[in-house]
Amino acid sequence: MDREDNLPVQPDKPPKSLVRPILNLETTSSSSSSSSSSPELLRHLQAAFKRHRPLSKMQTTSIGPRRSVAPQRQASRNTRLVTAEGQRSQDVVTLSQSLAANTLTQDTTNNLAITSVAGESASITQPTVSEHFNPSDRQMDFGKSAVTSLESNLDVQRKSQSLIGTSQDMEWDATNQAEASHLDACIGSKHQNLPSVDSEVSLKSEYKDSSSLAKIQGQLGEFPNFLNQPRTRCSAVGSSWATTTLIHSSSAPMLNATTHVSRSYVEADSNANPHAVQSQGNLPSCCPSSKVSNILHPNKDATASEMPASTNDPEVRVKETDTSKQQQITTGLEAPVGSSIYGSDGQANARLPEELHTSVSSQPQKSDKHEKVASSKGPSAPRKRNYDPDLFFKVNGKLYQRLGKIGSGGSSEVHKVISSDCTIYALKKIKLKGRDYATAYGFCQEIGYLKKLKGKTNIIQLIDYEVTDKTLLQEVLNGTMSNKDGRVKEDGFIYMVLEYGEIDLAHMLSQKWREIEGSDRTIDENWLRFYWQQILQAVNTIHEERIVHSDLKPANFLLVRGFLKLIDFGIAKAINSDTTNIQRDSQVGTLSYMSPEAFMCNESDENGNTIKCGRPSDIWSLGCILYQMVYGRTPFADYKTFWAKFKVITDPNHEITYNQLSNPWLIDLMKKCLAWDRNQRWRIPELLQHPFLAPPIPHEPQVKTIKLFSLIAESCGSDDDKANSMISQLEQLLSNPAPLPRNDVLDSRDQNQQLLSRVSELCIQLQDRLQGLEGEN
């Protein structure tokens, strides 16, 4: 263009103290007045800047940055700008460029440059900081007083509202706090001839202005001193869109900490009064007609607690009201504006943080999606778990944290858990799906037995339980379950919270025999007697309750706080009141501990009676446990296969091998438990009175007699067979005299006299023997 040839020579590099030109709003002259400005006026302006400059991080009571929303009635005037107005704006740009060059050499020490441009055309000044435009800028409110004053000056209103909505042109107004406060003072007085500190930046993104603005970019350069003051950048697009940018003093010279918040005004009323925006980075609520869809915090370190308490909504949202407008603004801001205004000057471009470059059009889609998800949740939606099932079990509303798995088998698991009161328990989890109803019935029946045995010290205690299949549990407890042939099809679990035991009897025996192995030692009888008595007492407890366990083995006796307790009633059976035995439908138990009648259940014996299982079956299992405690193996451990075990156990002529022991009562006790005929087996009350547990106490006279004979035997010597024979005869006559042959002539008194005579003869003979030994010596 012709006007561009008359531009002054651009300096190589503008000084760092260069600031943007300040436009005098009340000047009506068409020529430049910057060169004729008096030094006194310059000092007044510097003093005004220092007076109204707020501290960057202190709370002040001074007037903050405010933005005046243009009345709706001015929109039609702004949209009817003609080509001549654009030409005059370009002239002003050229003139402003010339004045900026003159100002560079005028005063470098004051760090302030003033340029006054007069004319009817709108003034355009290059922005002080180069940055990538973001449509999410902060909106500012200038207040009611500023709106009233600005409306009185139509010329200023026309300059501040140079909007071209149909051609995607945008005008950006940048004002700092000092300029805003000074502008209110100047316009409020109206009659004072002080220069206004307000500056207007009108940037046109397309058409002829884009080339002129790109050239001004290189001339103005960086303004670090000017950036030390907080300032705002405002823009208005059309009649319903407005954006503002707050530039903190701490962000100079780059805009790394700037705040960009975009708002959409939906058909704003001409009398709308937007709320003031706080200058400390807090986001106020939007005007009543605005909706929320996007949030951008002013600072990375800002938190929700920093939001003002007066806000109605802690988040600033954007509602997508017009799709075509949104697409037009997004395109105009991201591509044409960014490229035409900032050009290719790398020094003037300030990169914003990547998290602040959020597309306006993408955020409403996320909020809409969130609303759809929220609306899809109805009363029928499953309730989300408030705990991690991999770390916790929930039984009847109580949480138990997993500590480790104790054991598992089939579809059952036993876990070590801890409750909320820091108590350790064992949690048994049984999966019901796929199991036959008979087994499921037995597991549910175990709960009933444990509830019945609650409070028994030698029976494991049930703390809590839950059966997910409530119908199955109710049928079992009521005894009305009829379908026992099929399998459970629904997903169901049984949770049982039990006492936690340190170790079971099987592991105790394994450790005990590992210590004895390789030595000549045998099992400690006191240790054996102590735990055998506890085993008998535990089984006696369930027998008194008419319950047959049917699966007694070392693993089902658990050591809890030093005492053995009976566990696992999964296949236990209750004995009817009118019988002493029970009849089973199938063989149950562990092979090495099963009784002969358990193998031959439902068969007939030699008398034609049906073989049933009962209390004697548990006695056989107890005999196998005692045999393992004494010898370290079961009675039929040498038979490996099922059929080999079945053959020897069901054979009444098979004799169990008992190795020689120091205590013959222990062998006798095992024989009383392992009698093949179930009617010959001792009952538990009798076993508790067996001499192994209750050895007989000898009478005092007998002890003295034995001691006397031992002294006589020592005096006679071990080589004197005749004397030892007489001593043995005397012991037998005194301890257990054999009855004499029956004689009808002699009565009992005569027989007793004969026994005494016999004792006397032996004593006389023994006395003579002792005297003969003394004569020989």
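Backbone N, Cα and C define each Cβ position, glycine as well.
Keep in mind that what you see is a predicted model, and the values were worked out from it rather than measured.
Here is what Swiss-Prot records for this protein:
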type     : residues                                                                       : note
REGION   : 1-41                                                                           : region 'Disordered'
COMPBIAS : 29-38                                                                          : compositional bias 'Low complexity'
REGION   : 57-79                                                                          : region 'Disordered'
COMPBIAS : 274-293                                                                        : compositional bias 'Polar residues'
REGION   : 274-387                                                                        : region 'Disordered'
COMPBIAS : 314-323                                                                        : compositional bias 'Basic and acidic residues'
DOMAIN   : 400-693                                                                        : domain 'Protein kinase'
BINDING  : Ile406, Gly407, Ser408, Gly409, Gly410, Ser411, Ser412, Glu413, Val414, Lys428 : ATP binding site
ACT_SITE : Asp551                                                                         : active site, proton acceptor
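Comparing Cβ neighbour counts within 10 Å across the binding-site residues Ile406, Val414, the minimum falls on Ile406. Non-local contacts of Ser408 (ATP binding site) by the CB criterion (under 8 A, 6+ apart in sequence, same chain) comprise Val414. Within 10 Å of the C-beta of the residue listed as 'active site, proton acceptor' there are 20 other C-beta atoms, taking all protein chains into account. Its Cβ placed at the centre, Ser412 (ATP binding site) has 15 other Cβ atoms within 10 Å. Between the CA atoms of Ile406 (ATP binding site) and Asp551 (active site, proton acceptor) there is a gap of 20 Å. Between the C-alpha atoms of Ser412 (ATP binding site) and the residue listed as 'active site, proton acceptor', the distance comes to 17 Å.
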